[in-house]
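Enquirer: This is the structure I want to talk about, given as structure tokens.
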């Protein structure tokens, strides 16, 4: 096995068209193996291309299969919903006319019928000089996704639009909500008639159609259980000619009254209102446009687009982004008619569904619709705004009028990410693009805040829109380059009974503000404003920032306006709180953060030196040591290379590596030039290494007396064979400051000849099986320790330099695994969480690159929860260039398939993790690292964590977040409790939680003992509990699995291996301690067998004896 220099990107599990795999259940009570469900085959909808299958063809097949799964049986559903639809149309068409009445009289009349007319604010009053009347509609449109045959399973909405007769409308009804008021009266008439004739069949409520206050609607749900899944919306539309397009252009003002009904300024355009009433007048036109566009490819593209939007939390209501199935279908249909060069169609009717989908993503991602796109209107001039504009001049409607600046930017961001994902060369991103639910703020965004706006801050929906637009523009200006996206999540509008009115909630308005941050600038403490010479800009700066702005002189001599923020608190939270208080008069208590800084709370430090600074100090010291070693005179051979291999040298240690309680030797490799003087015997090579290290230590001490050196031995049991490295050299630098540990580097010598000698020994076919196994294990260790680790360390170091939050993400993921007793100790190697964390940065699909370590950590949990390691490998390109070829990726996947055929029960390789620096995929995970039971445990814990995040969302409490790192010990067969004074690998002082306990389980010690520990050089790297665990695995590893948190755990948990449980016939060399039991079954009695069972009590007693002085007590599972 050789470590190959390969290059590619992470490829998540492909959603198979036909999937059938056996997933044997693990015979253990510890965890349940994750099963794989079969997906229905859509072969009847897809044919294989004659030219072979490429990535685009596979994606087309997957899309066709998905479409087949989500398409309902329209004929069967039509037979049901048309019963109610026909009934409602009959009632409406047979309604008698009502004579014209004044607004006050209309309100009184309907009040007697138990109905309150859903007038838009400001409501008509006794001064209103126009009348309200009713005539039965001549046309009723039946539309929506289900009647059009474009819906997906579970979407059973039917929309009936009654078109008002033109005689009921007057010339200037487009002004001041007159048309919406008449529509509300018309809707109340429909409600009264349906209530009278069908109240026993349908439950009725009022609502705002898609949260548009000028478009009230009547919603009905059948009482019949067989039909109750259908939802009927009854809307009122206007004749197209009744609302003049020229008077309702986006640049016109059609609302010239304020909330009190008084005359208001007519200068400000009202594009939202104008498009809403023109939309009501264009329902028939849009119905024809969509019906004429229908084709199998168009229909499929609409369903796939609807799924894509739902996965991202988008739908047509304003509170859900204002862009849903209807807008998608209408845009697609319009571009089949126009939008291209010289008014030609932008889309072709020959497109496949996948081409339709990609074309829509290209429009949403590539075209900035804040610069208005105008269809059919070459002579119309609409200025740029922060809201998107796709204006259909033939109907006078901005198709995107319900979208806000924040929802458009969010949609565009998702479109850009998805377009890049499906166009990626080496990855199959079908599952992340179409199957994964992304509407989870704590995982989708880097920071989430709740802003509580007091009740009655705004009287009307119009005032609410203006208030939020002002807040958003203020945040955009104030947060600047700290963020790449600011999204608002509005509380959804609710329906109301027929006898009450549509009012804004009397409760406080809860706004969710979500940010995608730029990690390079988000934590900046000083902002530079305009220079003192730029007086106008400086005045605007001071006006925007208020008293926070101050004039400062900087080190370069410049004088400019500046902002200084406090360290230790989220800078974005400080900015948002200040801006809200200054510009919208909201107190600081109205803002709360919903995303914790897990790196600060879960990785505490007892020193003022942060972990990042500790990594920098260690790296600087290592560079000094490297220079010293290269310049040494008197060595037998020149040094060829010095390479780091330790997590502390790739910024991946769980805790601060310079804290006395966590200090341990930092590993690196030294390689000397080749020479014929090296011996050809493995034992002799090991002795030569010892001589080299002794000479190296002698020369270092002579050159720098403050540097302490010591040669140590390891793997002494293999000293006679020389299969494993047996020596190392510790070089100890004095502590860099008070309260810090000395820096100890541990050097091992890398000699390439060892690999050749091990391979040559393995080539001898006459070797005994046990000897062959020893040689194979030694060769695997050599490749891992002396080849793979150095390349891996170099790759992770480069990625941590490129992605600032990656180091914190790795450390959090390791802490999570360690807290569940699964990291190290022969279970999950330290390098695996580093690769998993790197994958969410180099291939973040379906999200963007994480902006902080908490977001990165949560996405790692999502990846582990989704990874079906039984059926697919984890493939990650760790190169900065991200240029791993598809051929190399294919080779890695071929090796995975070969391993599964060679080892179907996964006794040797469970996790297959291929990277651009390890094309074999097994250098870290061979020899069951982790075992299948441990891999299942990781998956189960990750799924449980993701389910908690999905159910709680932004409502997670501090206890919930801390609970992610608490492992239930009740799942284990026995628990060995360790004396607290012997536990190492954690800070002495942790953050106090409620009840006085420490979050990290630490206990405060006397200060003088901490100082003594910091000065104790001899105990560096000495951990009695870890040595005890090694003895346990050596003595009882055949009987039990042992689990321990090396980063501060106070207990060793154990599971009995299934192979030792149950009743067995006694024989010599069973391999485990046993006790005789009487025969029970007839077969046992007849054959006179000597039956025995595993001696649990005896083994636990031996463990207690072995751990005397270390073990506090042992508890067993009840």
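Going from the start of the chain as shown, residues are counted 1 onward.
In case you wondered, yes, glycine gets a Cβ from its N, Cα and C as well.
Keep in mind that TrEMBL annotations are predicted by a computer and have not been checked by a curator.
Keep in mind that what you see is a predicted model, and the values were worked out from it rather than measured.
For 1-49, the entry in TrEMBL reads region 'Disordered'. Look at TrEMBL and you will find 19-49 tagged as compositional bias 'Polar residues'. The domain 'Nrap protein' annotation in TrEMBL covers 158-294, 298-436, 442-585, 605-800, 804-965, 969-1114.
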Enquirer: Helix, strand, coil: count each for the residues of the domain 'Nrap protein' (158-294), based on DSSP.
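Expert: Grouping H, G, I as helix and E, B as strand yields 54 helix, 29 strand, 54 coil.
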Enquirer: So are the domain 'Nrap protein' (804-965) and the domain 'Nrap protein' (298-436) touching or not, going by 3+ C-beta pairs under 8 A with a sequence gap of 6 or more?
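Expert: Contact between the domain 'Nrap protein' (298-436) and the domain 'Nrap protein' (804-965): present, because at least 3 Cβ pairs are under 8 Å.
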Enquirer: Please work out the helix, strand and coil residue numbers for the domain 'Nrap protein' (298-436) from the DSSP assignment.
Expert: 69 helix, 12 strand, 58 coil
Enquirer: Going by DSSP, how much of the domain 'Nrap protein' (442-585) is helix, how much is strand and how much is coil, in residues?
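Expert: In the domain 'Nrap protein' (442-585), the DSSP-based counts are 52 helix, 40 strand, 52 coil.
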